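Shown next, in structure tokens, is the structure this report addresses.
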Amino acid sequence: MKRRYEHGASTPLPSNSKPRISYHDDENRFSEDENTKDLARKVAEHYSARTNQTLEEREASPIIHLKKLNNWIKSVLIQLYARRGDAVLDMGCGKGGDLIKWDKAQIGYYVGIDMAEGSIEDCRTRYNGEADARRKKFTFPARLLCGDCFEVPLDRVLEDDAPFDICSCQFALHYSWQTEARARRALENVASLLRPGGIFIGTMPDANVLIQKLRNVEGLTFGNSVYSISFNEAHSQKKFDSSKPFGIQYTFHLEDAVDCPECIVPFRIFKSLADEYGLELLLVKNSHEFVDEYLKKLEFVDLMRRLGALGDGKNNHSTISEDEWEVAYLYLVFVFKKRGQPDTQQRSKGNKGRNGLTQISKSDIMFIKTDR
């Protein structure tokens, strides 16, 4: 049975301060201990500290082809499921790396939320075109929020923006799996803001692959020249209790990208939890399987060549290294659909973008948090 949560009213702030919304969460089982909040802060600080790279720095990255491959995967997902005029909710939007992808899909409205203040600021400058003077203006209005979308109830914050046609959470949802409360909050936010028939797309670590690799090594660490994953002594038996699926942590290091704690997400349990919130699974594939299937379609082959992940456009030989390709195997792709009959009037409401702007200032970013 799906659990219900009650929240207090928002707290007003002086007009000269950053716009903020605070919620009082009175449901004890939905609260977080200090360890959970500390881990969330560490993740936010890690991503905030990462600076935007120049094109030259990006191309020199030891995982440049992996980054391009991940961009291809996300681009394919967006092309498959986004429609012209869609209202988009991007949970864990980071520095706005997918803005161009959404623009090419001709969406009508965009809301991005991320817990890392530095990342949201980079997203703002990217949206405004300040990061690249050559970049034309985006065709859709947008709104940006800074807050933990795995902790904060978003239905009130985005009441005037909802419903959304599509929700995206790329390489971030596993950070919600620290506790059942956070995992449920993430799914409740998705389900409460999507319209009936709306789509939820995302990418996250493949738990089956991670556990298999752990069991195939003698110690508690595995990896290659570009990544390493380490489990602590609590998992020395390499056995995982299916009745305790939350908070199974490991430390993930990926060259030029990630260096922080993450959590395993057993997909069977994730699917079951999503089902409680009215989200029906449409697709789940390991990234290798996803690439193999969609590279059979000509339009996506051309996209891969343009991005340069599997060649330079002059030949069909892969330029991605074996070590980068192994990292891709650590992830899976998923698509869910919210149950219910689509309502065309609801869809058009979400596309008005009445809270969106075409130029976002620092003071336009909404800061949201839950008071404990």
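If you go along the chain as it appears here, the first residue is 1 and each next one adds 1.
Placement of Cβ uses the backbone N, Cα and C atoms for every residue, glycine included.
Per TrEMBL, the feature region 'Disordered' maps to 1-35.
The compositional bias 'Basic and acidic residues' feature in TrEMBL is assigned to 22-35.
Summarising model confidence by region, the domain 'MRNA cap 0 methyltransferase' (61-339) averages a pLDDT of 94. Here TrEMBL flags 61-339 as domain 'MRNA cap 0 methyltransferase'.
In the three-state DSSP assignment, the secondary structure recorded for N70 (mRNA binding site) is helix. According to TrEMBL, the feature mRNA binding site maps to N70, N71.
Reduced to three states, the DSSP call for Q170 (S-adenosyl-L-methionine binding site) is strand. When other Cβ atoms within 10 Å of the Cβ of Q170 (S-adenosyl-L-methionine binding site) are tallied across all protein chains shown, the result is 22. Sequence annotations record features per position, and here TrEMBL assigns S-adenosyl-L-methionine binding site to K74, G92, D114, D148, Q170, Y175.
DSSP assigns K95 (site 'mRNA cap binding') to coil in the three-state reduction, placing it in neither a helix nor a strand. Every protein chain considered, the tally of other Cβ atoms within 10 Å of the Cβ of K95 (site 'mRNA cap binding') stands at 25. The annotation site 'mRNA cap binding' is assigned in TrEMBL to K95 (among others).
The site 'mRNA cap binding' annotation in TrEMBL covers K101 (among others). Same-chain residues at least 6 positions away in sequence with a Cβ under 8 Å from that of K101 (site 'mRNA cap binding') are, in sequence order, N71, K74, S75, I78. In the three-state DSSP scheme, K101 (site 'mRNA cap binding') falls into the helix class.
The site 'mRNA cap binding' annotation in TrEMBL covers R126 (among others). Its Cβ taken as reference, R126 (site 'mRNA cap binding') is surrounded by 19 other Cβ atoms within 10 Å in the chains shown. DSSP assigns R126 (site 'mRNA cap binding') to a helical segment in the three-state reduction.
H174 (site 'mRNA cap binding') is surrounded by 21 other CB atoms, counting those within 10 A of its CB over all protein chains shown. Residues or ranges marked as site 'mRNA cap binding' by TrEMBL: H174 (among others).
According to TrEMBL, the feature site 'mRNA cap binding' maps to E262 (among others). Taking Cβ-Cβ distances under 8 Å and a sequence gap of 6 or more within the same chain, the neighbours of E262 (site 'mRNA cap binding') are H174, Y175, P205, Q249, Y250, T251, F252. DSSP assigns E262 (site 'mRNA cap binding') to a strand in the three-state reduction.
The site 'mRNA cap binding' annotation in TrEMBL covers Y331 (among others). According to DSSP, Y331 (site 'mRNA cap binding') is assigned to a strand segment. Long-range C-beta contacts of Y331 (site 'mRNA cap binding'), restricted to its own chain and to partners at least six residues apart, with a cutoff below 8 Å, comprise F171, T203, M204, P205, D206, N286, S287.
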Structural state of Y175 (S-adenosyl-L-methionine binding site), classified by DSSP into three states: helix
Site of maximum Cβ density within 10 Å, from binding-site residues N70, N71: N70
Proximal residue to D148 (S-adenosyl-L-methionine binding site) among recorded positions N70, K95, R126 (C-alpha distance): K95
By Cα-Cα distance, the member of recorded positions N70, K95, R126 nearest Q170 (S-adenosyl-L-methionine binding site): N70
Cα-to-Cα gap, D114 (S-adenosyl-L-methionine binding site) vs N70 (mRNA binding site), nearest whole Å: 19
Mapped DSSP class for D148 (S-adenosyl-L-methionine binding site), helix or strand or coil: coil
